[in-house]
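Please read the structure below before turning to the comments.
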Amino acid sequence: MSSETPPKGPARSMLYDPTEHRIRSFVTRAGRLSTAQERALAELGPQYAIEYTKAPLDYAQAFGRTAPVILEIGFGMGQTTAHIAKLMPEKDFIGVEVHTPGVGSLLKLIGEEGLSNLRVIQHDAVEVLNNMIPDGSLAGLHIYFPDPWHKARHNKRRLIQAPFVKLLVQKMAPGGYLHLATDWEDYAVQMLEVLSAEEGLQNTAEGYAPQPAYRPLTKFENRGLKLGHGVWDLVFTKK
Ligand SMILES: C[S@@+](CC[C@H](N)C(=O)[O-])C[C@H]1O[C@@H](n2cnc3c(N)ncnc32)[C@H](O)[C@@H]1O
């Protein structure tokens with residue numbers, strides 16, 4: 001999934017949020033909802049989707065237990081999210097995504113795999129972070145293949161920029177980690193620069209990190225690797 005094509009017509013306005021005076025990192029796409037995704041939204045949404053509100057989220061209430069919480073931003077169709085949540089039943093996961101078919105797809109996976117440690121929020125992650133995630137509360141943050149906005153004039157829409165990273169650090173628990181991955185070299189360079197310059201963070205590697213074993217290779221990534229494209233992982237911890 002990619003937002004490489006500049007939006008035309010009404011979608012263009014979706015990039016700017018007039019209420020927040022902020023440029024958005026995503027374009028709202030209609031996208032086709034499959035019958036199975038629609039069913040998952042209707043049947044599993046009430047149990048596993050958390051509604052966006054401007055109030056701090058009570059994790060213990062949301063999950064019915066106390067465990068380290070990992071937040072994933074922009075999970076796409078959610079295959080990686082479901083894979084990792086299944087691998088780590090001792091941790092709780094919150095996936096944030098704006099795209100409805102993706103939310104339906106992940107709810108379907110939650111149902112199929114019986115993932116009681118995963119919840120979904122369909123909303124702009126910047127607002128979710130600002131309004132729902134308590135400071136110092138996240139054991140980990142995953143952001144995999146964020147939209148590269150590869151044209152120079154669109155670079156300002158990239159999620160990974162200094163003020164956003166500062167917000168992430170504010171939400172992380174001491175010792176918590178931030179794991180990013182991208183297949184866009186120029187964005188990888190920007191990520192490394194921004195994260196290295198953030199004084200609240202410490203790199204776990206010399207530059208880019210080896211791919212952690214828990215992050216599965218996606219179909220799209222595999223295809224890219226076969227075509228000779230690179231993939232860069234970055235893992236930083238909060239000081
Ligand atoms: C290129 S896709 C990658 C999806 C997935 N992580 C993967 O690796 O396949 C980026 C996703 O981030 C989502 N996204 C972008 N900005 C977002 C935001 N501010 N809040 C929530 N989701 C966002 C988009 O809707 C899109 O699904």
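Backbone N, Cα and C atoms are what each Cβ position is placed from, and that goes for glycine too.
Note that the structure is a prediction, hence the values are computed from the model and not measured.
Per TrEMBL, these features apply:
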type	residues	note
BINDING	Glu72, Glu97, Asp124, Asp147	S-adenosyl-L-methionine binding site
BINDING	Lys151, Asp183, Thr218, Lys219, Phe220, Glu221	substrate binding site
REGION	153-158	region 'Interaction with RNA'
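Asp183 (substrate binding site) and Glu72 (S-adenosyl-L-methionine binding site) have their C-alpha atoms 18 Å apart, to the nearest angstrom. The binding-site residues recorded for this entry are Lys151, Thr218, Phe220, and the Cα of Thr218 lies nearest to that of Glu72 (S-adenosyl-L-methionine binding site). Taking the binding-site residues Glu72, Glu97, Lys151 in turn, the residue surrounded by the fewest other Cβ atoms inside 10 Å of its Cβ turns out to be Lys151. The distance from the Cα of Asp124 (S-adenosyl-L-methionine binding site) to the Cα of Phe220 (substrate binding site) comes to 24 Å. Secondary structure at Glu221 (substrate binding site), taken from DSSP and collapsed to helix, strand or coil, is helix. Taking a Cβ distance under 6 Å to any atom of ligand 1 as the criterion, the binding-site residues Glu72, Asp124, Asp147, Lys151 reduce to Asp124, Asp147.
Here the region 'Interaction with RNA' (153-158) has a mean pLDDT of 90 out of 100.
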